[in-house]
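Written out below as structure tokens is the structure these notes cover.
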Amino acid sequence: MGRLRAEQQNRRNREMRKLRMRSPGSGTSDPNQLFDDTSSGSAGFRSQEASGLGYPAQALLSEPMSNFAMAYGSSLASQGKEMVDKNLDRFIPISKLKYYFAVDTVYVGKKLGLLVFPYMHQNWEVSYQQDTPVAPRFDINAPDLYIPAMAFITYILVAGLALGTQDRFSPEILGMQASSALVWLIIEVLATLLSLYLVTVNTDLTTIDLIAFSGYKYVGMIVGVLAGLLFGKTGYYLILLWCCMAIFVFMIRTLRLKILSEAAAEGVLVRGAKNQLRMYLTMAIAAAQPVFMYWLTFHLIR
């Protein structure tokens, strides 16, 4: 009996050891631990929760930085724009250029008619409003840059057309034509400025005014070249002669109010050496227009 009880007791002890070995957390678990360790699961949950809360926190931190960067960039852009406008206005008066392009369709039509037929026009004075000349669209006598600019571009296109009809067109020749016309325009304006300085003329003519008046001759040049393409050399010479006379009269009647004295502008006899020089200068500027018109167009008609 005693041996049987000892065997049963040994069997129970072995079963108890097997149960302890099968319990969770074996290897590092404490045999006296009453509850399972779930700290690993809770740590994973906390890490997931922290990672879920991290994106809004980063967004809250990044929004002020992006707003600051945008504000700083816009301030730099505005400062750069002001600096460019200030330096650009020093060399190119943008505000003044807007005045010379303030035209409309009615003004352009009337001005073109005046350039081709100026003989019937009576009042050549520029209108003023509070010591400031009115915009060209309100006064046909006011100089503008729209017609000279468009006439210059159209002249280059018509020259290309004339060269193309004669099988002489090439981009190099057209470029030389445009460069030559531009160089002669600059030379003309610089010579006029130098002459006004040497004669000591006290006038309100500006450099932009001289560019505008010098650019009006391209209208007659375009008409002359088109007449040459349609009617040959005879039509070219007849129409160009008419346009040369028209631009000569236009320049005389326009510039005499700017260069000559008030007495000469009112039709009083010009007296004095200074007024004589001013009169000669006005006639020289007007007479130079037909010369340039012929020089820049005669080779386009054959």
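The backbone N, Cα and C atoms fix where each Cβ goes, glycine too.
Some features that TrEMBL has for this protein:
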- 1-49: region 'Disordered' (REGION)
- 1-18: compositional bias 'Basic and acidic residues' (COMPBIAS)
- 25-42: compositional bias 'Polar residues' (COMPBIAS)
- 145-164: transmembrane segment (TRANSMEM)
- 176-198: transmembrane segment (TRANSMEM)
- 210-230: transmembrane segment (TRANSMEM)
- 236-256: transmembrane segment (TRANSMEM)
- 277-296: transmembrane segment (TRANSMEM)
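If you look at the transmembrane segment (176-198), the same-chain residues 6 or more away from its ends with a CB under 8 A from one of its CBs are 152, 155-156, 159-160, 163, 205, 207, 210-211, 214-215, 259, 281, 284-285, 288, 292, 295-296.
Through the fold, the transmembrane segment (277-296) approaches residues 155, 180-181, 184, 188, 192, 195-196, 199, 201, 214, 217, 220-221, 224, 240, 243-245, 247-248, 251-252, 255-256, 259-261, 264, 270 of its own chain, all at least 6 residues removed from its boundaries and within a Cβ separation under 8 Å.
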